[in-house]
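Summarising the annotation, TrEMBL assigns signal peptide to 1-28. The feature domain 'Peptidase A1' is assigned by TrEMBL to 93-514. Look at TrEMBL and you will find Asp111, Asp298 tagged as active site. Per TrEMBL, disulfide bond is recorded for Cys124-Cys130, Cys289-Cys293. TrEMBL lists 323-363, 387-428 with the feature domain 'Saposin B-type'.
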Amino acid sequence: MRVARMGTSFRPVTAALLLCLLLPLVFAAPNDGLVRIGIKKRKFDQNNRVAAQLGSKEGELLNSSVRKYRFRGNLGDAETDIVTLKNYMDAQYFGEIGIGTPAQTFTVIFDTGSSNLWVPSSKCYFSLACYFHPKYKSSKSSTYKQNGKSAAIQYGTGAISGFFSEDSVKVGNIVVKDVQFIEATKEPGITFLAAKFDGILGLGFQEISVGNAVPVWYDMIEQGLINEPVFSFWLNRNADAEQGGELVFGGVDPNHFVGEHTYVPVTQKGYWQFDMGDVLVGGKSTGFCSGGCAAIADSGTSLLAGPTAIIAEVNHAIGATGVVSQECKLVVSQYGETIIRMLLARDEPLKICSQIGLCEFDGSRGVSMGIQSVVNENIEKAVRATSDATCSACEMAVVWMQNKLKQNETQEQIIDYANDLCDRIPSPMGESAVDCGGMSTMPNVSFTIAGKVFDLTPEQYVLKIGEGAAAQCISGFTAIDVPPPRGPLWILGDVFMGRYHTVFDYGNLRIGFAEAA
């Protein structure tokens, strides 16, 4: 689905997913030269969850492929097209900023997976959501500068449109001058109506900024307002703690982490993207990323998103239940024995599905990408959708069966295992239920970054909703499939960033992770 453009070409933002809501709190900053934004946690409740699911269903109507990211061309190209997953009303970390002189206060998500700042406009007349949030009034600000260029952002579960303006923005204890931001005049849908935030402040690179607007944090650096071109997140995962965490501009707070950071270079500006190695479940390789995967550190995503093949393995290991995939079971029953024979014959795993005719794929890129067809477009889309589902099911089966062959299991055991994993594929919007009482038997799930293994325990990746007998638990993992050359891709959201203090170092184009204090 191509994102609507209103008067300017742009590159849309990335993806998000599922969990709690937080309430903003700004703390007085110590005199250490750092700019601090405090955040306070609001416990996730069932009402939020229901509203989030409604928003997700609405998104499915907008786009039947809401679980896919699609990339066309390079990030710098106007043709880049990403179908996003961001269900922002489930995002966790909020803080307060001020726009204008005197400052008008707004609650925003600090999102490393996008690059624009937007808030509701006083000129938003026909969207119900605008009547439930404060609105920016340019006539009340002595530092307002007219811009007027139109812009729009389409998310998987909502959209905003409006126009650019310029004004001063107060972040923590500093004032950033002449910031380009979007005044949202349309916020259709339930996502923004029910959300506990007013807008979004993007912390990604300018390469993915709508209208090529300069991100706020670029302006902080350019205007000499922070000590170093660095910002860092400490996210407190203790649901009962008063302080939800802290976003620090200009450096790092040594009280927020223990030990040393492990740094990895940014591989492509746009998102905070880096190369990641193998994913382990209970200390054993899942196989899918043993040759490397791309990953994004995204504070605007609540969960951990990764390739469906691995997520199904993780869900199997932790006993999570999803939706049965008939396509997956069909592939296993009809082609399972053939796949095993080809693996035993040492055929190249990446090419097996194309060799048996289930994928138009040569192991490094989709050979059908960009092919022009003379057939009716609607028929082509329907055929391609069916073909993609079959291909994805085959690719997952190859990974699963390859792992089990390494463990010297029999053909019957491997087929049974693959069928079981088909049952563990997450539901269309990613949610998988977990037995709250079974966490003591669940394995650690680990990620390899720069040669170091970063563990997540069940207590860290299982998300609890409610208390006592009424409590429900969901898996912190959800599926997203990004094709080569940009994928396979992982999105490390707040589940990971809560466990590991994260440094975004623009000066050295690198990302650092250390155990959070």
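A Cβ is built for glycine as well, from the same backbone N, Cα and C atoms used for every other residue.
Remember, predicted model here, so these are calculated numbers, not experimental data.
The closest partner of Cys124 (disulfide bond) among the recorded positions, by CA position, is Asp111; the full candidate set was Asp111, Cys289, Cys293, Asp298. Annotated pair Cys289 (disulfide bond) and Cys130 (disulfide bond), C-alpha to C-alpha distance, rounded: 43 Å. Same-chain neighbours of the domain 'Saposin B-type' (387-428): 60, 66-67, 285-288, 308-313, 315-316, 320-325, 327-333, 335-337, 339-340, 343-344, 349, 352-353, 356, 358-361, 475, 477-479, 481, counting only residues six or more beyond its ends whose CB sits under 8 Å from a CB of the stretch. Note: the Cα of Cys293 (disulfide bond) and the Cα of Asp111 (active site) are spaced 22 Å from each other. With respect to their backbone Cα atoms, Asp111 (active site) and Asp298 (active site) stand 7 Å from each other. Here the CA atom of Cys130 (disulfide bond) lies 26 Å from the CA atom of Asp298 (active site). All protein chains shown were included, and the count of other CB atoms within 10 Å of the CB of Cys130 (disulfide bond) stands at 22. Secondary structure counts, DSSP: the domain 'Saposin B-type' (323-363) has 26 helix, 1 strand, 14 coil.
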